[in-house]
Amino acid sequence: MNNMSLKFPDIAINSSESSDDEDPSSKNEKKDGSIKVVKGLTDEKKVFEKAKNDFDEALAIIDDDDFEYTKSEDDKVRRKIDFFILPIMCITYGMQYLDKTAVSYAAVYGMKQEAHLSGYVYSWLSTIFYLGYMIAQYPAGYLLQKFPISYFMFIAAFLWSACVLLMAACSNRHGLLTLRFFSGVFEGCVNPAFVALTAMWYKREEQPVRVVSWYAFNGVAIMVGALLGYGTGHIKGSLQNWKYPFLVIGAISTAWSFVYLFFPQNPVLARFLNAREKRIAVERVRKNRTGMETKKFKPSQALEAFKDPQVILIVLYNGLCQVTNAMSVFSALIIQGIGYSGINATLLTLPSGAFAVAGMIASGIFTHYFKKGRIPLAMTTSSLTIVGSIMIWKIPHSNPWPRVVGVWLFCTISSGNAVILSLLSSNISGYSKKVTVNATMFLFYSIGNIVSPQLFKAGQTPEYIEGIQASLVSVCLFEGVLALLAFYYIFENARRDKLLENNPALGGEIKNEEFLDKTDREQIKFRYVW
């Protein structure tokens, strides 16, 4: 690893040491509970002019005076952010998951037969969605950096909802495949945007719980979708039954998209915060050393992303993890194949969501009380997916209920994925690097999801055992990748501690370094959480 050199600042004054457990900026917290912020850059006008280009937009409200705020003020701002920002993210994440899995409910009500979808074409409904998702990643990352996130999300949410609605008007595979492709393009904007939002609004130690919170709405969506699917199956209207899930879910999503017209672009522009609270919101994320938002794209940071070992391991993990994701589309069909009717099979997917949400809650509690151990936690929750896979595969057909429970256990994989996703917001610094890593991460997410449904072939019906076996192999492989990632973080933190111990001058104070849009590899004081 000697060729993985770090670029550290040449300027060093007031040298100080840093450890894996303490960020140097934490020394600003005083005994009376107030928090003192060091002075800003002295050439204020030049900084404000460059904030819109080279540096972070947070500098626009950081003046040259000492700024202090109390712990109670910090908590008040956090509660406001939780009240105004987090629910919108949670519901949106649930809606996008509900939208993309609507085909699962339509399938058990005759869509495959009435729209003339052979087994391989149905698999392509999932594959082509993620082809669109993959194509969208780098353009979405670029647009996310250039335009207000509120309008970006409104347009994306409105257009993917429209695609879901229009699927009810289709009568053949060509229309369905086309709309699934464009639905994937627009839904592909959500994950990169939400990772960026989490890093923008929350402290590093707060991020895992918030990522788990909005990611948990995948599980909520599974439960809501099961009820909607069950309900729409009883509609006696003039349309074919399989079209109603698209109409109901698409209409709800379209209405929800308009919420983003009122969504703040960043803490500096948040209307629900007063001037002092905006400054506190900015200072809250100073210790993260990951910045807030910068509009200028920096190619050097993008290049660094492709050379960073942690990025390589994270994207490899994500690709392997998503190989298991076809279960979201095939779960109702697998349960139907175990021996339950279409309507009952749809209803029996509801506990899958409950298991996923329970896993998320447990993960959130763990990360709240234990500041380290995100990767071991993800490895532990993923082991439940291994158990579920073996139950579906090995338990005799004469014993259907344990096999259904295996399907439910399989879905706990999402809680581990959410925990690893929080590493993106915590361990990647430099805004251009961040959007590049997010795009690359979800490009591999797309590749895994493109491969996944092709492993569930028509010849495997009704139980898709070979697809389950392939998923099992994938989980075992990414467990190994996670072990390597944990080792890398521990090694790199120790190496930086040693560098500071041997060269104390490297730890010198650089005013507002946290908002100078430096990458994690350019900051010797940066420590990786694992």
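Including glycine, each Cβ sits where the backbone N, Cα and C put it.
The region 'Disordered' annotation in Swiss-Prot covers 1-33. Per Swiss-Prot, compositional bias 'Basic and acidic residues' is recorded for 24-33. Taken from Swiss-Prot, the feature transmembrane segment covers 83-103, 124-144, 147-167, 181-201, 211-231, 244-264, 323-343, 346-366, 375-395, 404-424, 436-456, 471-491.
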Winner by Cβ pairs under 8 Å against the transmembrane segment (83-103), considering only 147-167, 211-231, 244-264, 375-395, 436-456: 211-231
Same-chain residues near the transmembrane segment (346-366), Cβ under 8 Å, at least 6 residues beyond its ends: 104-105, 108, 208-209, 212-213, 215-216, 218-227, 229-230, 233, 331-332, 335, 340, 373, 377, 381, 384, 404, 407-412, 414-416, 418-419
Cβ-Cβ under 8 Å with the transmembrane segment (436-456): same-chain residues at least 6 beyond its ends: 123-127, 129-131, 133-134, 137-138, 140-141, 184, 188, 191-192, 195-196, 301-302, 305-306, 308, 311, 314-316, 318-326, 329-330, 424, 428, 464, 466-467, 470-471
Winner by Cβ pairs under 8 Å against the transmembrane segment (471-491), considering only 124-144, 181-201, 244-264, 375-395: 375-395
For the transmembrane segment (124-144), sequence-distant contacts whose Cβ falls under 8 Å of one of its Cβ atoms, 6 or more beyond its ends: 100, 103, 117, 152, 156, 176-177, 180-189, 192-193, 196, 297, 326, 329, 435-436, 438-440, 442-443, 445-447, 449-450, 452-454
